[in-house]
Amino acid sequence: MGIWNFLKDNVFQKFAYKIVTGTEITFYKLGVAIGTHPVRMIIISWIAVAICALGLVRFRMEKNPLKLWVPPGTTFIRDSEWLMSTFQRGFSDEAVSIVADDVLTPETVQMLGKIHMQIMTSKTPNNVTMKDVCFKIPKINKKLLKLFLTEQENDADPSLTMSPALYCSFVETMKTECYTKSILELWDFNMTKINLLTKQEIVDTINSYDKKLIIGKLNSYEHLLGGIVRNETGHIIQARAIENYWLILVNFSSVDMNKAGNMAGTGEWATEKALDWELTFMKIAENISSKMDNFYYFAGRSFGDISNNSLFQDFNKLFLGVVIMTIYVQFVISKFNWLEARVVLGVVGLSAIGMGFIVSISLCSLFGVFYGPVHLSLPFLLMGLGVDDVLVIMTCWDELTEADQQLPLPKRVGLMLKHAGVSITITSFTDVIAFIIGASTILPCLESFCIYAAIGVLSTFIFVITFFVACFVIDQTRVENCRNGIVPCIKHPTYKPSKWSQSKITSKVFHYIYSNIVFSSLGKILVVLVTIVFAGFSIQSTLKLEQRFDTKWFLPEGTHLAEFNKIREHYFPHVGWDAGLYMGALNYSAELQKIKLAVDKLENMTDITSNIMSWIEPFRTFVLVNFKHDIYNEDLDEARFNVFMSKFLHSPRYAKYQGNFIFEGELECGAPIPKIKMSSIDFYIRKQSDPRKHIVPMHKLQSVAENANFTSGDGFATVWSKYFAMWITDELIDIEVMRNLELALICVMACTILLIANWQICFWIFMCVLLTMLNVCGFMQRWGLTIDLVRFT
């Protein structure tokens, strides 16, 4: 057994020895070649960068959130693409909120009325008005509708008692109006009426309005009130917050995310006209907010604008970091005398990193890899690694022996690279391997970043050992020719550097610390104890580290959206996340029972869903009352279903459900409906106290559609919400983090073993890397940080 271990280790060490020796010889030859022809290497490097830069013609910055943050193979992507191609239109919200001790006063309602009129009559510098971009619905005469409803008993529909031709002529003459959700609708937005209201009239109207007259996807005007106070009879007498909504049309076929999106990849789907109008809306709201302390607002573009600005607000600090790094490089590679002040060389070292960055972008663009928001950190990553390589090379130059210093410059450069080559190769190669492993992730933005980083690290490594070394040769020639380090045209033929400028202060400091403190018996014990203590705390904290993300973290304190969200959470906790059950081109007459069963399941999830706007039960009531046919218990053929559904959707009471259907043709009054392409049932997902708790409800909701078992038509059904994108990504990150860390650790250690060939040293390297990972995770938890998409990337 001992002989086998000896032979095994001997063979392994010979293999590693050949790799290391071969690497050293290669770098020595490269150094000699560069030292002999430095200008040639500089020109070759520039030509290589110029050729690679041609790939920039294919540069593409991805701004579509679906293609940045959501794995491409998920059902969410499939459903989103299907909805956009089938539904083709949606809406985004613009809202304002007023907070007071009591908002149900004439002063507040009148103020809201003035704000509403100002918004409705607003116009952008490009002459885009609210009517140009709003989501439109049929304008129904409330008085006539009320007359129809009060004349009928037992929920019979008045449209069926009229002549179809007469009724349809009435329907076809109806105009459209912008859809708003506002308490002002109770007074038909009539400012004359609103200006004459008293407190008692406002309260009486809110408590006595007919809910059958509500148009659109709003169950009750009470949903627009927060902090409601009721009397002993249950009537509303006071409210502390009131909201007003305007809905903007989103035509998915007209949306160009290259124009509508932002560099942070957080932009909302919207047309250019809508974005233009929203900007005007925000200016109006900001002006009002500056005059009213209790006024809050948000627009569809608010989150995208604020998060995008947050991404770039610290660029001044990053720029300061670059300046500090540049100064640091000068201090390390230069000596404080006129000859060995390597000012130009320090700048050249950073330019080699810039060349690597350009090549990375160019090659990735050439092969169609998109550039994303997290890629903005890439230059700083490359700077850290590139500067490290530069400092290793310069340190190896300073460590040449006196005998080596007598050799010709090309051979000295060869020896410098021979000593530095293996070290920087190990670090660069392991970094490249780690990023290649990271590129196997299913998250598109992280995959792209890792590809860019892998090529960037490799490119920076190549330019440091070629371009930088060539520039170093020229600079060293300047030193040996006694030329000034700042103004090379000045010569100092008799200049002798002072002794203090030749002293290696940093080396002396570290030598003293390690020889007298760290390597002493007490120092060793202290280092081991501190390591064990930190490891213990880190393990404990790592076990508590949470995988959690909240979009509110993108919003700096004091921004209008952050303030609006605070008010909403306090006064409107019942407002949840928009969602819907979407069904495809089914044979609806044959699937009514299954649709009812799916809706029943949603309604029974009272801890998850709220405000379910289902058309199935109203349709059943409509058919039962008006045609004496129970669709739940009696078969309904497709022909009669199409007729009944047409009458249902054109009736005064149920016309609001037209927005829940997409047809293959135009919906006409008096004619059977065309084939249904899609239908929806809208609801809200209740907000949970912890964002992590949304994942389980999401799967429960999705199971409703998965288990609906529709067998006719295309059989398509899904429960969808735009917020699923964030929750799906959160769920996958948990798995991806561990997988990537484990694979990267294994591959990096494999590379280290091959190049170092000493099991004991490799073990301690492994322990250092592992302890570092534990400490990072542990202190993240101690500082209140979590694992989320941004930190994972």
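Note: Cβ is positioned from N, Cα and C throughout, glycine not excepted.
What TrEMBL records for 39-57 (among others) is transmembrane segment. Here the transmembrane segment (39-57) has Cβ contacts under 8 Å with residues 33, 355, 358-359, 361-367, 463, 466-467, 469-471, 474 of the same chain, all six or more residues outside its ends.
Predicted-model confidence for the domain 'SSD' (314-474) is 88, expressed as mean pLDDT. Annotated domain 'SSD' per TrEMBL: 314-474, in sequence order.
What TrEMBL lists as transmembrane segment is 318-338 (among others).
Proximity of distant same-chain residues to the transmembrane segment (344-371), defined by a Cβ-Cβ separation under 8 Å and at least 6 residues beyond the stretch ends, is recorded for 45, 48-49, 52-62, 67, 325-326, 329-330, 333-334, 378-379, 382-383, 386-387, 390, 448, 451-453, 455-457, 459-464, 467-468, 471-472, 475, 485, 488. Residues annotated as transmembrane segment in TrEMBL: 344-371 (among others).
The transmembrane segment annotation in TrEMBL covers 417-437 (among others). If one looks beyond the transmembrane segment (417-437) by at least 6 residues along the same chain, the residues whose Cβ comes under 8 Å of a Cβ in the stretch are 20, 23-28, 30-31, 34, 385, 388-389, 392-393, 395-396, 399, 450-451, 453-454, 457-458, 460-461, 464-465, 469, 740, 743-744, 747-748, 751-752, 755-756.
What TrEMBL lists as transmembrane segment is 449-474 (among others). Residues 27, 30-31, 34-35, 38-39, 41-42, 44-45, 344-345, 348-349, 352-353, 355-357, 359-361, 363-364, 369, 371-372, 374-375, 378, 381-382, 385-386, 389-390, 393, 397, 409-410, 413, 416-417, 421, 424-425, 428, 431-432, 435-439, 441, 793 of the same chain, all 6+ positions outside the transmembrane segment (449-474), place their C-beta atoms under 8 angstroms from a C-beta of that stretch.
Sequence-distant contacts of the transmembrane segment (517-539) (same chain, at least 6 residues past either end, Cβ-Cβ under 8 Å): 771, 774-775, 777-779, 782. Feature annotation from TrEMBL assigns transmembrane segment to 517-539 (among others).
Through the fold, the transmembrane segment (763-785) approaches residues 531, 534-535, 537-542, 544-546, 741, 745, 748-749, 752, 756, 791 of its own chain, all at least 6 residues removed from its boundaries and within a Cβ separation under 8 Å. Look at TrEMBL and you will find 763-785 (among others) tagged as transmembrane segment.
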